[in-house]
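Taking it in order: structure first as structure tokens, then the write-up.
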Amino acid sequence: MFNKLSLKTGLLFFIFILIIESLLFFILYATLANDRVDSVMDNLLTRGNSHSAVLEDYYDETTIEHVARMEIASEYSVVITNGNGDIINSSNPVDQEMKDIMENMNDEAVVHKGEIIEGQWKQEKYIASNSPIIINENTAGHVFMFADTNSVKKLVGQLSNQFVFIFMITIVLTLITTFILSRFITLPLIRLKGATEQLSKGKRVELFTERRDELGELAKSIAELSNELEYLKTARNEFLGSISHELRTPLTYMKGYADIINRQDLPSDEIKEYTAIIREETEHLTKLIKNLFELAKMDHNKFSIVRKQIQFRGLIESIAHRINPVFAEKGITFSYQCPDDIFVNIDPDRFEQVLINVLDNALKYSSEGGSVYLDVHKSGKNTEITVSDQGDGIPEKDIPFLFDRLYRVEKSRSRNSGGTGLGLAISKEIVESHGGTIQLSSKPGKGTTVFIKLPLE
């Protein structure tokens, strides 16, 4: 039960708010209660000082009687004594507690303006003040004012009841608010938990949320992860299927032609023809395995890049010298343009592999009489390389997948031309390992252009 996130969150939130509310209520209650008690004491002292001021002007029996009568109807009691401490008059009967307070009074400590001589309202029966009657700089007597602490306690008790009532309402509102907030916060998390459980089972999940906070971003990320995993799952299955096909096809050819060669009556010219086919399929299989091995090293970060500063034109000229005969044999013109002042920090062997792959694709999909053009130029802090051909072009729907492993636009044609479907995938890995980018644009019937961008550093 307590393992539920919503319950834990709600409970912690409630305890936290309850502690804060309790502290605030305690401080507010103590402040208001003290203010009420201070108000009673101030009123008591003010009335005593007022009476002593009147008696200082008219210190006679009539005035003393008048002062005593004034307090009969009030909630306070007044006791008037002479200079010796004898009681002259009072508004109410004087009990022993009053006498004890008056007897324990320190005359020397009482100032002319009067003071509170008993303020322990929680422990004592009375709160008391003493206002001396000073005539001709002599203490002629005292005006003692008493307030029954029961009235003060009743006042504070009413305040306590009000606070308890308000506190209970606050707790109920806090519980409701806590429940709503905890559900608001944890419900998306519960949904996300369910989504991740589905992901762990290999199932696709869809999360729709209009939240724009961190939880909304998390839901969006999980949805993107689900789509990515689904794509990878599909790509893996296609990859395995393609690998099986790529391995099975040449092996089938090799086995079939090997069986034919074993016949006793087979002419020598046919043996040579079938042997050439077996050799061709062996080379295709070797190339495929080599490319797969290269990709495996890339996936495990074991793909080494040995950079050196080279003149790019020299690399282009070396490649052109190697491929010109092949292009000429197919009746395709190859030309290039590269300034002498472009120097790049690359692995020349790896990058030669990239350009050979790109140019090889341009050759395969170009028709006789076409042309392939390679252009190298500086653009800001980058070196840009473009390879353009006049081939058949590529359908727009296939362009996003061209750099995927074993992806082919025309599988039969690609196979007949000796392709493995891994060249562009390897090229992309090599370019990105150099900190660059590789992109492709194409339109059916108008040819294809590959864009490679490398930092000059």
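The backbone N, Cα and C atoms fix where each Cβ goes, and this holds for glycine too.
Annotations in TrEMBL come from automatic prediction, not curation.
Feature annotations, courtesy of TrEMBL:
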DOMAIN    183-234  domain 'HAMP'
DOMAIN    242-457  domain 'Histidine kinase'
TRANSMEM  12-32  transmembrane segment
TRANSMEM  163-185  transmembrane segment
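With a threshold of 8 Å between CB atoms, the same-chain residues lying at least 6 positions outside the transmembrane segment (12-32) that come near it are 159-160, 163, 166-167, 170-171, 174-175, 178, 181-182. Long-range Cβ contacts of the transmembrane segment (163-185) within its own chain (Cβ-Cβ under 8 Å, at least 6 residues beyond either end) map to 6-7, 9-10, 13-14, 17-18, 21, 25, 28-29, 215.
In the predicted model, the domain 'Histidine kinase' (242-457) shows an average pLDDT of 82.
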